[in-house]
Amino acid sequence: MDVLFKSAAVLISIFLLLFCNAIPSVAYSSSSTMHTNNWAVLVCTSRFWFNYRHMANTLSLYRTVKRLGIPDERIILMLADDMACNARNKYPAQVFNNENHRLNLYGDNVEVDYRGYEVTVENFMRVLTGRHETAVPRSKRLLSDEGSHILLYMTGHGGDEFLKFQDSEELQSHDLADAVKQMKEKRRFKELLIMVDTCQAATLFSQLQSPGVLAIGSSMKGENSYSHHLDSDVGVSVVDRFTFYTLAYFERLNMYDNASLSSLFNSYNPNLLMSTAYYRTDLYGRQLEEVPVTNFFGSVMETIHTDSPYRAFSGKYSKIEIPLDQSDEVKQRRLKSSDVPQELTGSNITDKHVTCPVTRTWNAILGRIGMMKELDSLVNYGLILMFLIATGSSWFSS
Amino acid sequence: MEEKTRNKINETKLGFWKWAIGSVIFRLILIYFPKNFNLSSRPEVSTPVTSLRRLAEGYWLKQLSMSPYAGSMYHGSPLLLSVLGPLTAIKIEGQPNHLLCSLVSVIADFICALLIRATGRILQKAHGQNLKSLGLDTMLEDIEILPSGDIAALVYLWNPFTIFTCVGYNTSPVENLFAVLSLYGASSGIVPLAAFGWVIASHLSLYPVVLVIPVILLLGYCPDMPPRKLFLQRNLQKTGDERSTKSHIQHRPLTNKPAEATFFWWRVILFFLWASIWIAYVLILSAISVKEYGGLPEMFKRTYGFILTVKDLSPNIGVLWYFFAEVFDFFRNFFLIVFHVNILFMLLPLAIRLNHRPCFLAFVYLAISSMLKSYPSVGDSALYLGLMALFVNELADMQFSFFLFCGYVGVSLLSPVMHNLWIWRGTGNANFYFATAMAYACFQRKGEDSHPKCKFQMHANH
């Protein structure tokens, strides 16, 4: 009988556990935590000069995201090659995304976190999951928390269920899904927007299952994503179509606009893109019309107005100005806190414990000198006096 | 005869003023073209302890209520900071930035030259009196005695090293001024002035503290008294022939002590009294000046401690940086002591040997300290080369003078070349530059060696 009861209890508890785990944890994805900050992870995975446009894509997004308010501390920029200082770049230290050369994307305010051969699948996964070695600096870590909205933008050469890194490795779609799942488990994001601009981009996020993830790709399975135009001066194509139209959309906005994500996603015209921009909202709980684009692409911080200065330093000035309409308690508090610095200065001047008269007079002299605020003028007078004494005494002695 | 000598003296006087004013004008012209020379960044001219740029940085730090010694840029006296600091900050429109400080250097150089001239005159007068008391005043009319004071002052003013130092934006002219001031005060018997000059000179840079021995000797004896054995010979000459020389020396015992051999103890005591007054005054002023930044111990650590422990190993024309760049930490203190004792152990034997010629002793001490000090510059050699010319009458038959002159010229030309090869072009290495530094030290050494030799030969010839 006892054995039966015990086994029944164990079985029931196991069932309950399974039952609890089976309930999808959609409930606490979006509503319980507060949106605290925005992060952006911008990855360009292509190397070599003829992939100039992928670099220009990433740098264009970098510039847009910075312009709309995300600071460098919350952007992880991974560029697989250096186009600005490439030997084949006719315009050294300049990267353009349009043949009118209106915008130099590589100004003096670009902070690249992973450059060159550091852009690998392993490092990308480490950035997403946060599992770095101890020596990796903070600027290379994605330090997001459970209230973060993360924009993940990837561009390069891709294909069916993969993205090519550095012409030597591949990131597969289930790798990406795995990483995102780890991020969700570790509560590293509140909402995630994945934007992919490669050939057959939509296949890359086909394996995603984590809630709170929104994904858009520039083309569907079997379609290619095309570059927009060739710059005959630089010699290569300078921007891809999907990113070009994304930028065209954002150039009309500033930090405080509340254009919605749905207007962004609907702005993509398949005829102009020459591919179908496909987006996936099944894992994302909210309606796209209610989500402003600055939730992911910008960063608007809430400011709290205060009328009074910081309370910590009010003790110093309390002796001089106490407003008359303050309550007595506040007055007492302020007076108490101002006593502390007074005691410290007071002990220097009136020290009654020292009995030696020499040190007492020396302290008195120093105190009086300390009260004289212009020590420099005293030293100057001393020097003039010294020279006068020297000349006088030598004149007398000669 | 008298008129001829008077005219000659007047001519030399006018000649001196002409050349002196000319050198001042030359310096003023050079100040207006600093960018061509860029002398303030040469390691031979400005060292970590004399550079005015560092002083300007220290002054700026002080204005920001930070310690002037923060960042290990400025290593000088806080009093110099109060005097020269504001001058580095004042900018007059239309003039070069460093005009005021360079004017201070020019004035300091000029006053130094005048003091050297006055010292030379005192020395010559004393020499003449000594010869007269020895009964050798007939020599004065036979041999053409050059006005050593004038020549020394002009050598000091027109020495290229002095001009480099003056134009090169550093504090060496001021330090040299106070060293010469102490010598002038001692040779003219003005005790407070000698004490003042000595205290300030050793406060600004540590090494003039060795001048205390020649200053005491100058104050105790009269300047440049000949040795006692000459007074023994005087008795011989008066009794015997005038031509009696080395072959017939009979040492008769002196019946009476020569009057000139007394040592004025009271002057030396007065000197120490004044020196202690000035030391206390300077220390109190410095303590007030650095009160908020750690006080006197901090000042000692950063000024004298820096000079003695050779913390900055940037290349200069000295011989310490190369060695201390390679020495193991375990032996560093030992070798610091060795290098500094190298100067100290030469003081006593030289003082014993040359106690009758304190000015010359001062010159030798300055030469030794400028050779072996931790951060030498051409400003130090400018000082002792000027003082060397004070003894031009005695050094007329110095050996190797042409060789030494060519050596100095060669080293001063090669040293910037080697520095350029090493640092800017990268085709040389530190050994190139250190070779010129060593050659410079060797020439200085050779110069000092040949001086006492010729002097003692001259004494033996009398």
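Heads up, residue numbers simply count up from 1 along the chain you see.
Keep in mind that glycine also has a Cβ here, set from the backbone N, Cα and C atoms.
What TrEMBL says about a protein is an automatic prediction, not a curated fact.
Per TrEMBL, active site is recorded for A:HIS157. Its Cβ taken as reference, A:HIS157 (active site) is surrounded by 16 other Cβ atoms within 10 Å in the chains shown. Secondary structure at A:HIS157 (active site), as computed by DSSP, is strand.
Annotation source TrEMBL lists active site, nucleophile at A:CYS199. Here the Cβ of A:CYS199 (active site, nucleophile) has 22 other Cβ atoms within 10 Å, regardless of which shown protein chain they belong to.
The signal peptide annotation in TrEMBL covers A:1-22.
As annotated by TrEMBL, transmembrane segment applies to A:378-396.
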Pairwise Cα distance for A:HIS157 (active site)/A:CYS199 (active site, nucleophile) [Å, integer]:
6
